[in-house]
Amino acid sequence: MTGASNVTGCEPCKTDVGEYSPAGSGYCLSCTSGTYYDEEQNACFDCPVGRFTATGGIGLSGCEFCPEGFYSSTTGSPTCFACQPGKYVNALNSTCVECEPGHFSGVASSSCSACEQGKFADGVGNAECTKCPDFQTSEKGSSACVCKKTFKTINRDSSELECTCDPGMMLDNGVCVPCATGFFKSSTSLEGCKNCDKHAIKGAIQSYKGPIESSEPANSPLSCICSKGEFRSLKSNETLIGSCQSCPEGTKCDHAGVTMRDLPINRGYWRSNFTSSNIVKCYIKQACPQSPSTKTINSTNPIDEQCADGHTGPICNLCLQGYAKDFLGNCITCEDDRFHIPTETAAILVTLGVVFIASVYFYKRKKKESRDRLQEFRERKSESSTTSRVTNSLVAAQVNRDHWFYRVRTKGKIMLSFSQILTSFEGVLEVRFPSIFENFMRMISSVANLNAIQLARIDCLVRTNFYTKLLVQTIVPLGVSALILLCYLLAKFSKRFSRESLSRLADTSWSAFLTLTYIVFASVSTTVFDTFNCGQFGDDPHLWLARDHSIDCRSPQHVKYKTYASVMVFIYPLGIPALYATVLFRSRKKLRRVDRDFDPTIQKTSFLWQNYELDKWWFEVFECARRLGMSGILVFVAQGTASQIVVGLLISAFTSGLYIHWRPFERESDDDLAIVTQVSLFFTLLAALLTKVEIDKTDDYNELIFGYMLIVVNCSSVALLILSQLSKPIHFWFGAVVGKQHRHEGSLRGMNKE
C-alpha cells in the first residue's frame with residue numbers, strides 16, 4: 001500500500017482467489033465477471049464464447065461451459081442464456097439454432113426432437129408439432145401431413161390440402177370404403193353413396209364391388225347393373241338415366257350386368273342396332289348365327305356382323321353379290337354348283353311320286369272292268385229311245401269324268417289353291433311360325449307360286465329384286481295371252497283353215513287362256529298386293545318391302561311401282577274374277593243342263609265349271625273371291641296385328657261353313673278334300689293368332705312339337721288325296737283276295753236329279 005525499501009517489502013496478491021496487480025501497483029485487483037485470471041500473464045482475460053463466469057475465474061478453466069440448452073454468444077459473458085423454444089444450442093454453446101422442419105424443441109434445448117407420427121412441423125424453429133387434420137397422417141419427423149390410405153389428395157392451393165373419397169368410395173369410420181351393393185357415387189367427395197334404384201337405374205339391385213387394389217368401384221350411374229335375366233336400358237328422365245328391363249325373347253341373359261350394347265342375342269335372331277332391345281326373328285335361323293367370329297364378307301355395315309357369310313340387310317334376308325337364295329332362303333355361293341334339296345323335301349316328293357305311279361298302274365288294271373259294268377248298266381237303262389239316248393250320253397260323260405286326268409285335275413286345282421293361300425300367310429300376316437313349319441311352307445311356295453327366279457338361282461347370272469318378279473309375273477301372262485291371240489289371228493287370216501277348224505282353234509285358244517288365268521291368278525294377285533306390303537324390322541326407321549328387304553317403300557322408285565301395281569290390280573285380282581263371272585253368267589242356262597258336257601258351245605269354258613255341280617256353275621267366281629280374301633286383301637287390314645289374323649279366321653270359318661253346306665263338287669272325294677283344306681287353313685290361322693299373342697313365351701311351349709303339329713294338320717289334305725287315289729287299288733286287291741266282284745246296282749251321281 002505504501003512504498004517498500006526492497007522487493008521483499010511487496011506483499012503478493014492472493015492469486016488463488018484470482019487477485020492480481022499490475023507492476024508498480026499499490027493494491028491487488030480481482031477479475032470481474034466474465035473474465036478469468038491468467039497467472040503467466042498476470043492479467044484477466046474474457047471468457048471465450050460458450051463459457052461464462054459470474055465472479056471471475058482463475059485460469060481458463062475458471063470459465064465454465066454453458067449448461068445444455070444455454071449459450072453465450074459473446075466473450076466475457078458473466079452468464080449463459082437459455083435457447084428459446086424452437087431452437088437448440090450448437091456444439092460450441094455459442095448460439096441457438098432453429099429446429100429443422102419436422103422437428104421441435106422446448107426452452108433450453110440442446111437438440112430438437114422429431115415430430116411423432118400423426119403430427120407435423122411445417123417450418124423451422126417450431127416449439128411444438130401440430131396434429132394432422134382429420135383424414136390425414138404423417139410419418140415421424142414429417143414437415144407435412146398426407147392423406148390417409150384410401151383417401152384421395154386434392155391440393156386446393158399451395159397451402160391447403162384436402163382429403164376426400166374417390167368416386168365409388170364413401171366415408172365409413174374414418175376410411176374410404178367402396179359403395180355397398182346397389183349403391184354408387186360419381187362425385188369426389190365425402191358424401192354418401194346413392195341408391196342405384198332411386199337415383200340411376202330403375203330396378204338395379206347390384207353395383208360393381210370388389211377389392212380396391214384390383215377392382216374398380218361403383219363410380220358412376222353406369223356402374224349400377226341389373227340382375228340375371230335383365231338388361232340395362234339407358235333412357236334419361238329427371239332423376240334416372242335408365243332402367244332394368246326383362247331380357248326379350250331371342251336373348252340369353254344368364255348372368256348379371258348385361259347392358260343394351262352387349263345384349264347376348266340367340267342364334268336365329270337380329271336387331272337393327274346396338275342401342276335397340278327390339279329383337280326380331282330372322283327369316284332363317286342359319287342366316288343369323290350371332291357368333292363373335294361371324295362377319296359378313298365385304299360388309300361395310302357393323303350390323304351385318306350379325307349375319308352369316310353371304311347374308312346381309314334387315315334380318316339378314318338379303319344376299320350379297322355372288323350369292324343366290326335357295327327355296328328355303330339360304331344364300332348359297334354361286335361358285336357352288338350343287339343344288340341342295342333338304343331330306344324332308346326329297347322324302348315327300350319321292351313318296352308322292354310312288355303313290356301317283358301306283359295309283360295310275362292299278363287304275364288302268366281296273367279300267368276295263370269298270371267299262372264292262374257301265375255297258376251292262378246301259379243295257380238295263382234302255383227303256384226307250386229317248387231315255388236310252390240321254391242315259392247313254394250321261395253314262396259316257398260319267399266315264400269321261402271318271403278318267404284319272406279329270407280326277408287329278410280337280411284335286412290339283414284344290415291343292416294348288418290351298419298351297420298358294422297357305423304359303424302367303426307368313427308374309428301377309430307378318431307372323432313367325434316354328435322354323436320347321438316355315439321351311440315346309442317355303443318349300444311348297446317355290447313351286448306353288450311359280451317362283452322360277454328362286455328355283456333356278458337366276459341371281460347368280462343377273463341381279464334381280466322384287467320389281468323383277470313383279471314385272472315377270474305380270475307381263476309374261478299378258479305376253480302368253482297375246483301370243484295365243486296372235487296364233488289364232490294368223491290362222492284366221494291365213495285362209496288355209498276351214499271354218500270348223502278355226503272354230504276348234506278358237507275354242508282351244510280360249511280354253512288355254514282360261515287355264516292360264518287360273519294358274520297365275522293367286523300367285524300374281526299375291527305379288528301385286530305384296531307391292532303394298534311394307535313393314536319395319538326392330539327399331540330400324542326404314543320402311544322395307546316385306547318380300548324384298550332391299551327396297552325402301554318410301555323411295556320415289558317404289559311410288560312408281562305402286563302405281564304400276566295399282567293398274568295390275570284391275571287386270572289380275574279384279575279382272576280375272578270379273579272375266580269368269582261374265583263368261584259363266586252368259587252361259588248360265590246351258591250350264592244348268594244335265595247334258596252340258598256335250599254342248600260344244602260351252603266346252604271352251606269347261607275348265608271353270610266342269611268339276612262343279614249343275615247348280616254351282618258360278619262357284620269358280622266364289623273361289624276366286626275366297627282366295628283373294630284369304631291372301632292378298634288381308635294386306636290392307638290392320639297389317640301385322642292380331643286383328644288382321646282374326647279377320648282371316650272369320651273369312652276362313654265363313655267359307656268353310658259354305659263349303660260344308662254347299663258341297664259344290666260333283667265328286668264326294670273332291671268335296672271332302674276341299675273341306676279338309678279349309679279346316680287346315682283355319683287351324684293354321686289359329687296357330688298364327690296364338691303365336692301373335694306370344695303363346696311361345698309360356699313355360700310349357702315346345703316349338704318343335706308345335707311345328708310338327710302344323711305340318712300334320714296341313715298334310716291331312718295330302719293324306720286324304722293319297723287315300724282317295726289308293727281306294728280303287730285297295731278295293732281291287734280286296735276283291736282279288738275274297739274272290740268277289742262288287743256290282744254297282746245304284747244310279748250314278750247326278751243321273752236321277754230333276
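Cβ from N, Cα, C; glycine included.
Listed features, source TrEMBL:
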type	residues	note
TRANSMEM	346-363	transmembrane segment
DOMAIN	464-723	domain 'TRP C-terminal'
TRANSMEM	470-491	transmembrane segment
TRANSMEM	512-529	transmembrane segment
TRANSMEM	564-585	transmembrane segment
TRANSMEM	633-661	transmembrane segment
TRANSMEM	673-693	transmembrane segment
TRANSMEM	705-723	transmembrane segment
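Among the recorded stretches 470-491, 633-661, 705-723, the one sharing the largest number of Cβ pairs closer than 8 Å with the transmembrane segment (564-585) is 470-491. Counting only same-chain residues 6+ beyond the ends of the transmembrane segment (705-723), those with a CB under 8 A from a CB of the stretch are 352, 355, 411, 414-415, 418, 422, 433-437, 440, 669, 672-673, 676-677, 679-680, 683-684, 687, 696. Beyond the transmembrane segment (633-661), the same-chain residues lying 6 or more positions past its ends with a Cβ under 8 Å from any Cβ of the stretch are 425, 428-431, 529-530, 532-533, 535, 622, 626, 671, 674-675, 678-679, 681-682, 685-686, 688-689, 692-693.
Listed as Cβ neighbours of the transmembrane segment (470-491) (distance under 8 Å, sequence separation of 6 or more from its ends, same chain) are residues 450, 453, 497, 502, 505-506, 509, 512-513, 516-517, 520, 523-524, 527-528, 531, 561, 564-565, 568, 571-572.
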